[in-house]
Amino acid sequence: MRTRHIAIALLAATSMALTACSAGSLGSSDDKGGDGKVTLTYLIDNGQETLKVAEQMVKDFTAKNPNITIKLDTRPQGTDGDNLIKTRLSTGDMSDVFMYNSGSLFQAMAPEKNLAPLGDTENIGQLDKNFTTAVTSNGKIYGVPLGSYMAGAILYNKDVYAKLGLQVPKTWADFMANNAKIKAGGVDPVIQTYGETWTSQLFILGDFANVTSADPDWADKYTKNQAKYATTPAAEAGFQHLQEVHDAGYTNKDFASAKLADGLRYLAQGKGAQYPILSALLSQLIADNPGSENKIGLFPIPGTDAAKNNLTVWSPNGVYIPATTTGAKLDAAKKFLAYIASPDGCTSQTTASTPTGPYAVKGCTLGDVPQAVKDMQGYIDSGNSSLALEFVSPVKGPALEQICVEVGSGIRKADAAAKLYDEDVKKQAQQLGLEGW
Amino acid sequence: MATTTVHRSARTRNSASAAGRVRAHSPYTSWFYLPAAVIYGVLFLVPTVIAFYFSLTRWSIFDSKFIGFDNYVTFFQEPGLISSLWHTLVYAVLTSGAKVVLGLGLAILLTSQIVGRGYLRSVVFFPVLVSTIGVGLTFTVLMNPERGLINQSLDLIGITGPGWLTDPSLALISVALVDIWKGVGLATLIYIAGIVSIPQEYFEAARVDGAGAWDNFRHIVLPLARPATVTVIILSLIGGLRSFDLIWAMTRGGPGFTSDVIASVIYKQYQAGFYGLSTAGNVVLFLVVTAIILPLSRFLNRKEVEL
């Protein structure tokens, strides 16, 4: 008898201990009251501007839908954030609505298994085709766009250009010639900020429009393991450019430790003339450095051919509903997504943060935008733009930022770096189970 | 109370021998092992065995595919592997060696008759209590080449400080220095315990024989504090070999790959979603640490017996 008691007590104690270990109800305790009130959790990244936009949007949306409350939750950006998203999806612990990249990272979430399709949601028909292809899996749309299209390009200080009498370069040779003059004028020609390693990749990622114009099928061949960075001169050029800029001493002195915010400040103050970066950072640049709206211009990363001076474009992030959101919460979440995909949603975004590119929702207007956005719009309207590699191929190596830091700091040569990166992407392709690797 | 205990153990022994097993008589039944066994099994044994299996698959969070030893092949072909192994070794030996030397020196100072001994002991031990990530982030700010306090102070006396964490040849050493600063308190504590447990009679006898401070150290403290030395070496070497948090907080393996250690290589693979590959890496790390520590610990402990 006694032994059995002990056994039962142990069993009870163990199971209690185990339940205590399992991820309990984190937050969102009062989901539903009796009066149809719903509380949604909304996971966003911890970028300054993302938070501002999300707060404004939630405020405007809940004003119209008083029965829905939305709680914001933030996550880190970059690979830490990727990890968190995948882990929370797989453990069924995802918030009711979340924001994440479109394109290859969207595909990596296994959308058919983990996300709720938006087929019958209002306003889905109003979305731009370029965006919906980036959030479609097996013919079903899973996301609505947050933010605007952005470009991977060179932001430049127009005052410095005007003072030194420079023209916007159309080829890499022109660009380097400009750099020589800028340096002679006592300004750092190219800003680099390896304190935040991801910023090092722009000379490669933002150069992809040039790769596409040299060979329109390159991305396809790349996905099938038939084209390589190291063996395609147009693709390797990105690494070469990075090395040339470092070898010529054209970067700011503190490139190894400077952070993104430092880089934006140098550009706004004219301490540096040109900064290869994502155009979405314009809003942070303007917010941190008031009065710089019309001092900053934008041009594509130049290639070899002046006639094909194309801009590399990123599709906006998506907002998704995980498959774990059901019932009243699902309805509320769809309502919220429909709001994001409406012109009212765009207005919310514009109120919170200066738009840094065209929206992917039809019927949205930009209003008064900074000079760099007008420059960008020019390239997109005239058809001189193409999508970045991550939207046309799922193959992206995780170590690109470190490799770029090495090339940009003179630790590794460009050709060796291109070879190393080709090795790096192999693992990604194998993990994804692609054919031919 | 006493009767119940006797009664119970007798019953247990009866039932045990009835089942054909004879046990050395212990007042406790083997059921008492169960809670610990369940926790150890569920949280440690099962995951370890599963990890060995999953290192042979290519898995994502959603499914897995058996691929044999491909992960190990890929892991050993990893371009950064050799350099990261080398960095791991340099880091472990550097931090472990410095902790032994500095720990012993500080322990001797702090067991001697000096003013404010108790206070100084807590000061030396204090960094051990602070969160590693906090220490890492603080030193990242202090070691900033242009705006960091360290280089600004050096500027005042006319020295241009190096880029502690941005110079490829210095980054790993800078992190090791911070690790030493943070870990030396524990080594000191172990040494203090070792030194104060040496009986005073030895020192008295030595004084009668006319021994000086150096002789005391060389012939009494050093040999008799050997168990402490062994503990410090083993602990800090294991810590150094699998160190990750401080390196990640300070350099993330950078600039480029110049301060990557095995643990950070594995972490980056995990982060990139190469779960099978990183599991294989963890198995390798486990084997490497065992291969270094097991013989070393045998060797050091044997020496201890011979004394």
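From the backbone N, Cα and C atoms, a Cβ is placed for every residue, glycine too.
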Item to check | TrEMBL annotation of transmembrane segment - which of the ranges B:170-194, B:270-294 it falls on | outcome: B:270-294
Next on the checklist: Restricting to CB pairs under 8 Å, which listed stretch, B:31-54, B:228-250, B:270-294, is in contact most with the transmembrane segment (B:123-143)?
Outcome noted: B:228-250
Next on the checklist: Can you work out which residues elsewhere in the same chain, 6+ from the ends of the transmembrane segment (B:31-54), have a Cβ less than 8 Å from its Cβ atoms?
Outcome noted: 64, 275-276, 279, 282-283
